Amino acid sequence: MAVNSKYHHSCINCGGLNTDERNERGLPCEVCLPEDSPSDIYRALLERKTLKEYRFYHEFWNEYEDFRSFFKKKFGKDLTGYQRLWAKRIVQGKSFTMVAPTGVGKTTFGMMTALWLARKGKKSALVFPTVTLVKQTLERLQKLADEKVKIFGFYSSMKKEEKEKFEKSFEEDDYHILVFSTQFVSKNREKLSQKRFDFVFVDDVDAVLKASRNIDTLLMMVGIPEEIIRKAFSTIKQGKIYERPKNLKPGILVVSSATAKPRGIRPLLFRDLLNFTVGRLVSVARNITHVRISSRSKEKLVELLEIFRDGILIFAQTEEEGKELYEYLKRFKFNVGETWSEFEKNFEDFKVGKINILIGVQAYYGKLTRGVDLPERIKYVIFWGTPSMRFSLELDKAPRFVLARVLKEMGLIKAQENPDVEELRKIAKEHLTQKEFVEKVKEMFRGVVVKDEDLELIIPDVYTYIQASGRSSRILNGVLVKGVSVIFEEDEEIFESLKTRLLLIAEEEIIEEAEANWKELVHEVEESRRRSERELTDTSRSLLIIVESPTKAETLSRFLGRASSRKERNIIVHEAVTGEGVILFTATRGHVYDLVTKGGIHGVEEENGKFVPVYNSLKRCRDCGYQFTEDRDECPVCSSKNIDDKTETLRALREISLEADEILVATDPDVEGEKISWDVTQYLLPSTRSLRRIEMHEITRYGFKKARESVRFVDFNLVKAQIVRRVQDRWIGFELSGKLQKRFGRSNLSAGRVQSTVLGWIVEREEEYKKSEKDFTLLVLENGVNLEVEGKIADDVVTVVELQEAEEEKNPLPPYTTSSALSEISQKLRLGVQEVMDILQDLFEKGFITYHRTDSTRISLEGQNVARTYLRKIGKEDIFMGRSWSTEGAHEAIRPVKPIDARELEEMIEEGLIADLTKKHLRVYELIFNRFLASQSAAVKVKKQIVTVDVDGKRMGIEQIVEILRDGWNLFVPLTVSPRFEHRTYKIKEKKFYKKHTVPLFTQASIVEEMKKRGIGRPSTYAKIVEVLFRRGYVYEDKYKRVRPTRFGVMVYSYLKERYEKYVTEETTRRLEEIMDKVERGEEDYQATLRLLYEEIKSLMEEG
């Protein structure tokens, strides 16, 4: 259901102008193909002699289906989900890393690709790490191949005549497929570099990467000249990216995923010359139940081992503890092995079932922690104590991150200073005793454990825990098998600290022993492995997720275990492997299209009585930042040719979309996000049909999972609402801006309904402010109370004439919406509203808060549970009072997504668990967190006084809280408690006379409040409107952070009010906002609304 728009560069055949209606139906533009419903688009274009780019898509799908049927015929099975993705890349001629778990057919795919290419007369080389694999592959290939396919292999133990046969065919290029070992690549570098292969498959990239010169050899084997490799390497050494010559068309290089991280910079040659990085399988797909047992009881351990019986790893904190456990369990006749003296032998015995239990030591790089991938055997992981990092707190030995944090907090070093550890220790000794230092650490590092007697800081090693527990749950034959992790931990502080970090990093929770049903868990563990052994239908799929922001794509891919990244034209694509297959993440980097500026009515054509918006790709000058839509090679402002054109982004998305089985557009959950979603969807529909929309309200694993459960198509009411807003902005903005520019002779001036209305408030408030100056006196009473009284007070006493006391329950404020967040955070932290909005955007995209553009105060049950969990953690569950606040609103209020406070986040930044958060981010997060927790806490019971006093013959009322009777939400948002009054006369200790304006000037915060109150603007535009007023020079901020109009701003507003008042009145602006809201809800026809807008500004246009 298209929305009657035209898009430049969207025709799938000529790349020209097409309608969204034709794109939705998969049709090229009318110039290429006037027909409305051809039975065969390719043939119709061919017959009209207008066939262009559509040939590529037609041939792509034909080639892919040919590969698929060939594979099925030869191998007897259809492609798996992983293999479908790889096949589509092969057909497109792309090099890549095969990132996938074991048992999904990587080697089979490499062989079948070589055989398929051989049919086309193309040459392939298959490289394996061992002679055994070379032999096995040769045998399999010869069984599968047709007689005409020439296959030769080489290994050292071959017969003499076979070697000679290989060498002859190799020298004469008389072969289709060659199979040899990594060692052969190293020894025959010169010969191989002279050959040109269409396809090179490397089965064990780790073995190849051991000798960095092998990388050059592989690149030359696919046709990249040595001179280009040298140039590329030289560029990479300078920290730059090498741009491969456009005329260079190399063959395809496919490598298996690495197990170790590639070292050095030479592997970056793959990135710059073949557009892929050597990825590692870092699957975070896990299905683990974590259980905590709150005592280190060996009897309990024995009881548990008798339930589990087999497939058990035990991690002790030290080798001594491990030996003690080993000897203890031997006494109970358990079949147990250790890993500190005979790792290889005992591990092999464990592998084949001769040993049931294996004991190792907790260590991040330990062999048992990282070097083991045996999900068929490892089912249960037991930790004898929490994996921890221990740091001395002696002033001579304390670690740098602890010293720096303490000294910065005390103001002894500046935030930007970076002294070395010895200098830090020296400063600490000069200003702190050992006892004071430990007390400071306790006060500041709340989420860790400080042992006074040992002067030791203990931080749970969450990454070691995640790595080691993950041995029990992996993808096995396409099935994510179940695992159980048990932690024996007595120390409550250490356990809570681990629990918090596990929730942040892996989004996994730990249950207590009482909640665990061991019998049921054992059944789930065994059943998942039985399922992996059965002959199952392959359910793996490839999925492409398109978001707006590269940060969001990066955050999501990291949560799901990013395995590799690559560049596709001008965008980055991240790849992750999950239990259901491969997920690709990429970003549009904001809007991809905008209204053209020339033609029609400011970019909107009128056809058959209907308005048709015309869009072109957005272009942005990388040098000066100017944005435009015209098709031109240089910036219209600074003439730079360094242009970022979203046409490239769209083309890249079309190419990537061909790889995936399913595409989900996950742009922001608002009207702007919906419009971007439609812009992308209509562009991709001609080349792929499996395309839907999801909304993510938080960037977490949970948020992603929940969004996947509510897949839908684009909401056209939201798209239409965005079009109406944009067209209204364009029409009124262009017309009024043109009048201003002409009147004042300045080309950078702008006007708009909301912008000009708000400017009017500021101008008028300035006038009211100037007229409102009055005398005031500040009285400081002997009981410590300050009273502000209008007028000049002569008396030296204040008499209490009436006094009442009452108990009252005070309820909390609701959680933040966009307007209340911008207003309060801007005010409290003295930040501009645009800066606050940018910080909120960062916190959302990095997965710390829910979506930040919202008018709703609603809190979901999941949100309420975040509050309950945190209150339980700090021992305050008794004050939990779950409130939904509202049942309305597509979004929730702004809230934290995890029960982790700002102090804990700060500690995790110091530990390196979190990156890219500044002090400002933490302060904003703290305000959001506290406001949210307050909103979910019980009412505060207070005692208040209602007092009437006589001052200079005038009576004034005072109401104040004098006592907190029962704590509640005030633990997060403190209340002011004032000194009590008694029924008597109080001396005035001090008087201060001053003049004060009774009408306050606006601040950025109060402008946003006013916009919300008067129904002007929207959550997504509040900050932007304020920012535009500053940028245009209409307003400025004085030293008290008050917003005031410039002389020029007053002139602009006076001119608009005098000449064009009806277009910029508050009433007109509010009425239009209401109409646009109705379009969003589907209650108003959007074409009729555009007609109404047009008729309203027609006279303005005709004025000239």
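Glycine residues also receive a Cβ, built from the backbone N, Cα and C atoms like all the rest.
Taken from Swiss-Prot, the feature Zn(2+) 1 binding site covers CYS11, CYS14, CYS29, CYS32. Annotation source Swiss-Prot lists ATP binding site at GLN83, ALA100, PRO101, THR102, GLY103, VAL104, GLY105, LYS106, THR107. Under the heading domain 'Helicase ATP-binding', Swiss-Prot lists 87-242. The motif 'DEAD box' annotation in Swiss-Prot covers 203-206 and rests on sequence analysis. If you look up Swiss-Prot, you'll see 300-522 marked as domain 'Helicase C-terminal'. According to Swiss-Prot, the feature region 'Latch region' maps to 390-460. Per Swiss-Prot, the feature region 'Topoisomerase I' maps to 538-1104; the stated evidence is sequence analysis. According to Swiss-Prot, the feature domain 'Topo IA-type catalytic' maps to 715-1101.
For the binding-site residues listed here (GLN83, THR107), the lowest count of other CB atoms within 10 A around the CB belongs to THR107. Summarised as a single figure, the pLDDT of the region 'Latch region' (390-460) averages 82. The binding-site residues in question are CYS14, CYS32, and the one with the fewest Cβ neighbours inside 10 Å is CYS14. Around CYS11 (Zn(2+) 1 binding site), the same-chain residues six or more apart in sequence whose CB sits under 8 Å from its CB are LEU17, ASN18, PRO28, CYS29, VAL31, CYS32, listed in sequence order. Residue counts of the region 'Latch region' (390-460) by helix, strand and coil are 32 helix, 11 strand, 28 coil (DSSP-based).
Distance noted between the C-alpha atoms of PRO101 (ATP binding site) and CYS14 (Zn(2+) 1 binding site) is 41 Å.
Taking a C-beta cut-off of under 8 Å and a sequence gap of six or more, GLY103 (ATP binding site) has these contacts in its own chain: LEU476, ASN477, GLY478.
For GLY105 (ATP binding site), the same-chain residues that are 6 or more apart in sequence and have a Cβ closer than 8 Å to its Cβ are THR80, TYR82, GLN83.
Under DSSP, THR107 (ATP binding site) is assigned to a helix (H, G or I) in the three-state scheme. All chains included, 23 other C-beta atoms sit within 10 angstroms of the C-beta of PRO101 (ATP binding site).
Of the recorded residues, CYS14 (Zn(2+) 1 binding site) and THR107 (ATP binding site) place their C-alpha atoms 39 Å from one another. Helix, strand and coil residue tallies for the motif 'DEAD box' (203-206), in that order: 2 helix, 0 strand, 2 coil [DSSP]. Neighbour count (other Cβ atoms within 10 Å of the Cβ, all protein chains): 22 for CYS29 (Zn(2+) 1 binding site). Apart from the site residues CYS11, CYS14, CYS29, CYS32, the chain places the Cβ of ILE12, ASN13, GLY15, GLY16, LEU17, ASN18, PRO28, GLU30, VAL31, LEU33, THR50, LYS52 no farther than 8 Å from the centroid of the site's Cβ atoms, the recorded Zn(2+) 1 location.
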